[in-house]
Amino acid sequence: MDERPVLFFDSGIGGLTVLREARVLIPEIQFIYVADDAGFPYGNWEENILKEHILNIFTNLLTRYNPALCVIACNTVSTLMMADLRQKFPHVPFVGTVPAIKSAAEQTKSGFISVLATPGTVKRAYTNELINSFAGQCHVQLVGSEKLAGFAEDHLRGKTIDSEALRKEILPCFVKKNGKCTDVIVLACTHYPFLINFFREQALWSVEWIDPAKAIAKHIRSLLPLSEKIHQKPIKKYQDFALLTSKNITASTEHLLKGFGLKLMKRVDFRIRDQ
């Protein structure tokens, strides 16, 4: 079995929703979680600048850690530049997180779907390609929120969430027309599942919320070789750890990562140029 780590990457803590599902399926694997909190949020970055920024980070990470596989646990980056990453680093498998529009189209009964994402994901051509390919017969409402990812970060650090402000962010997802209404909402940002209880409380009516984390974890598992010791409980040889690009690491952040079983590695130089 390949003992190299699996590297997760996100702009913040949203990718932890996918990491926790991957751990269930492959507990013996070492995971490295990288949060580019210095660059958070990605939704409003200029595309070319963001691409260069991400490629610089991965040039450093892949040299330093030689992962068996990289998970881009960020919808904004996944819809923007998976092809760029695969082209620049052809020796490394990359798994992306893209809006689960196909699943939504398969599950909807009304034909009304909403995609709750960041502004960056909403405006990507790739998102529209997914809609045209898998949901051409559906009414698809794209909703780009500038605040929800930040709300998720605050919530996990124990801060109070303004329920009314959150409600305003999700209201456009609820569409009613010609006697039909939205019945499926895609969570197209890995941060958003952390807010699912708030979403259900503030929803105008009952809907199916699609979190693709489990499906992504299964895909990750399928790309890794099976352990030869099938009848033995898998043993993790190396501790999981997290890296943050920001040098302003708070006690609440460190406590949060510890709660997810991640040791915070400090004083790591990412050699990122200031934008």
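Backbone N, Cα and C atoms are what each Cβ position is placed from, and that goes for glycine too.
Taken from Swiss-Prot, the feature active site, proton donor/acceptor covers Cys74 (among others). The Cβ neighbour count for Cys74 (active site, proton donor/acceptor), using a 10 Å radius and every protein chain shown, is 31.
In the three-state DSSP scheme, Cys189 (active site, proton donor/acceptor) falls into the coil class. In this view, Cys189 (active site, proton donor/acceptor) is surrounded by 31 other Cβ atoms within 10 Å of its Cβ, with every protein chain counted. The annotation active site, proton donor/acceptor is assigned in Swiss-Prot to Cys189 (among others) on the grounds of sequence analysis.
Taken from Swiss-Prot, the feature substrate binding site covers Asp10, Ser11, Tyr42, Gly43, Asn75, Thr76, Thr190, His191, and the record attributes it to sequence analysis. Under DSSP, Ser11 (substrate binding site) is assigned to coil, being neither helix nor strand in the three-state scheme.
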**Study point:** Inter-residue C-alpha distance, Cys74 (active site, proton donor/acceptor) and Asp10 (substrate binding site) (nearest angstrom)
**Key:** 5
Revision key, fill the gap. Per DSSP (helix/strand/coil reduction), Cys74 (active site, proton donor/acceptor) sits in coil
Check your understanding: Using a Cβ-Cβ cut-off under 8 angstroms and a sequence gap of six or more, which residues of the chain neighbour Tyr42 (substrate binding site)?
Key -> Ser11, Asp36, Leu50, Cys74, Thr76, Val77, Thr118, Gly120
